[in-house]
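> Input: one structure, supplied below.
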Amino acid sequence: MEQGSGPDGDAPSAPHDDGRRTGRTAGRRPRPSLHELVERGEISDADLTERARETVLRILTAAPKSRAELAQSLARKGYPEHVVLPVLDRFEEVGLVDDAQYAEMIVRTRHAERGLSRRAISTELRRRGIDPDVGSAALEQVDDDSEADAALALARTRLARTRGLDRDVRVRRAVGALARKGYSPSLAFEIVQRELDAEGEPLD
């Protein structure tokens, strides 16, 4: 890199001379943003492509992402679509971006570690830009029995924390906790009813 160039190879900004001799280095104009460089045609597609690759690698090093999430990140940073698409295509070709694998990981961790319902996980997958068919395939990991087991475990935990409180309070808190995890009201009440029955405290 030539002396005085920026860390990404950009031409250095000219120093601002306000005519005063203060003994300090004069301030510099802020380096133009990527948006500005693209709009003014001051950066080549080759440089943009290389920068986009480096950006994607930094993002993926921190955490896995879907293709849609990466595309959004690059667009926000000012990368044009004609650069973004082939860069992400290449990452998919080499397996560094894999929405199917990513969706399976999301389903597995959200259900096993957080006890989320399929409905809640499906909402998250859509928010992350996962194709509906890919998301549906990943959600097949969670069947009715495993979802009911997760809901039951959550209900037991919540009811144990409220033992000794008024019944209505216990019901409200347990059902609310299940609802926040994406479980339907009917399933939540059914499970809470069963657990309270087992304690000898039937639900009206």
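Cβ coordinates come from backbone N, Cα and C, glycine included.
This is the feature table in TrEMBL:
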| type | residues | note |
| --- | --- | --- |
| REGION | 1-46 | region 'Disordered' |
| COMPBIAS | 22-32 | compositional bias 'Basic residues' |
| COMPBIAS | 33-46 | compositional bias 'Basic and acidic residues' |
| DOMAIN | 52-90 | domain 'RecX first three-helical' |
| DOMAIN | 98-139 | domain 'RecX second three-helical' |
> Other than its close neighbours in sequence, what residues sit by the domain 'RecX first three-helical' (52-90), given a CB gap under 8 Å and a spacing of at least six beyond its ends?
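Sequence-distant neighbours of the domain 'RecX first three-helical' (52-90): 33-35, 37-38, 45, 96-97, 99, 102-103, 105, 128-130.
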> Please give the sequence-distant neighbours of the domain 'RecX second three-helical' (98-139): residues at least 6 beyond its ends with Cβ less than 8 Å from one of its Cβ atoms.
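Distal contacts: 64-69, 71-72, 92, 146-147, 150-151, 153-154, 181-184.
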> When secondary structure is assigned with DSSP, how many helix, strand and coil residues does the domain 'RecX second three-helical' (98-139) contain?
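Here the numbers are 34 helix, 0 strand, 8 coil.
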